[in-house]
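In TrEMBL this protein carries:
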- 60-82: transmembrane segment (TRANSMEM)
- 89-110: transmembrane segment (TRANSMEM)
- 211-231: transmembrane segment (TRANSMEM)
- 243-262: transmembrane segment (TRANSMEM)
- 268-295: transmembrane segment (TRANSMEM)
- 336-355: transmembrane segment (TRANSMEM)
- 370-392: transmembrane segment (TRANSMEM)
- 407-429: region 'Disordered' (REGION)
Amino acid sequence: MADFHMWKLESVGGAFEDSKLQTLSFLSSFSNSFKKNVRTPVPTHSGDTMAVFTFSPLDFVFSCLGLPLFLADVVLDVLAVVDFYKEEAWVRLSVLLLLLVGSSVLIQVYSWKWYIGDGLRLQTRVENGLKKGLKTLHVLQLGIYVRHLGVLEKSVSGFCGKGSDRQNSKDVAVELSHDLCMLHLIETFSESAPQIVLWLTIILQDGKLDVISVLKVLCSIAAVAFCVTTYHRSLRSFLKDTNQLSIISSIIHFLWNLLLLLSRLTALALFASVLPCFIFTHVFCSWMIFVLFAWRAQTNFMDDPWGERLYRATVALIWYFDWFNIFKKRTKKSALLYHSFILLDTCMLCGLWFWRMNTHPPQFAIPRPYAEVMACSVVAVYILGLVVKVLYYRFFHPTLNQDNLRGEDQTEVSGQNNDTRRERDETDGTVMVRMMASSPAPPRQTKNGNKRMRMLAENFYS
């Protein structure tokens, strides 16, 4: 296994290049905080002023790097599979393939459903040129690359174009990047986070724990935390300019995500290193509990019942690693219940690991005093992360109503009246009230992104 471990130590970051893409996007937005007029206020018909992203040259560079980094991620994942195959580590190979294939299929399904939900309203030449084969490309797991090419096309057009087409291209690039941001968030928690747990488990089982390994684990988890922070920065684009995420609040937001993810992923890896068979039972049982809570939230994120079921199952998967807000009301109570459950679960996982290390030590046994410190430290880091999160929500998180967030709504069309239609949501059998435009024309997208990210922003800040 020596060759495999050398590969792991040399290319741990490579397995998480999709998270690095989010890191680059975060750093781009982070640097923009130093500049004036980065966001231009746009008046809406209701008199509210909404913020619109303005691409800087640095944003353009990062947009161009997005696709190469995503391709590099695929290459490095293939190399990881080949190395497992050469080492005949069949169990680890199976787990890795399950993560890679499962995550890829998941994001392709979301991408295609969002295209269908938008009425195949393609806004780039790349997408229009591939319109007839767009479904086939998603079946072949290539749909995400079409989205990357579309963002790249509009980014280049936004900087090289002239007149109104230039600004329109920038607006479209921002709107398309919102979908990419959400897709990368899903991929992060369906592929990158589980891969970190897998890699940590291998290190603990084979006794390759050293300073370099620890630093690389921290860098990988930091990339995931950057992805979460980038997602929240995208949500902030729907707020007024005075409520944008500042440098200090960005750092604090990243810090508490880093601490919570570090503790959670480490606890899972410790448990999996001594009871590898039971980790699958733990994942399934926890996921089922989270699915029930997601169902009770009665979300209305997707455009069809089956898509909504998939979304709730995905939310449950994200909850297994980190908090993701989908509630319109009682957010504090829901978050308190969630973190209490995760804290108790972390204590249980660390306790079982400590017990197993003393009763049936594996190949790589940790002395009892060090094991005690490690188990207590994991729990303490999670508590510290909760304290930092409370500080963020106490001093930096805006609390607004939907009128401050919505601005020009997705279903509002220039002075036309809306009529209300009652529809039965087949997902949970309850009657939902949806606003439908009286005009037969499709709803016009605003310059502030798409309806999906706007809905998440309403839930997060209301």
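A Cβ is built for glycine as well, from the same backbone N, Cα and C atoms used for every other residue.
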Leading contact stretch, 89-110, 243-262, 336-355 vs the transmembrane segment (370-392) - CB distance under 8 Å: 243-262
Long-range neighbours of the transmembrane segment (336-355), counting only residues six or more past its ends (CB under 8 A): 263-264, 267-268, 270-271, 273-275, 282, 286, 289, 319, 323, 371-372, 375-376, 378-379, 382-383, 386
Beyond the flanks of the transmembrane segment (268-295) by 6 or more, those residues with Cβ under 8 Å of it: 196-197, 200-201, 204-205, 312-313, 315-317, 319-320, 326, 334, 341, 345, 349-350, 352-353, 356-357, 360, 362, 374-375, 378, 428
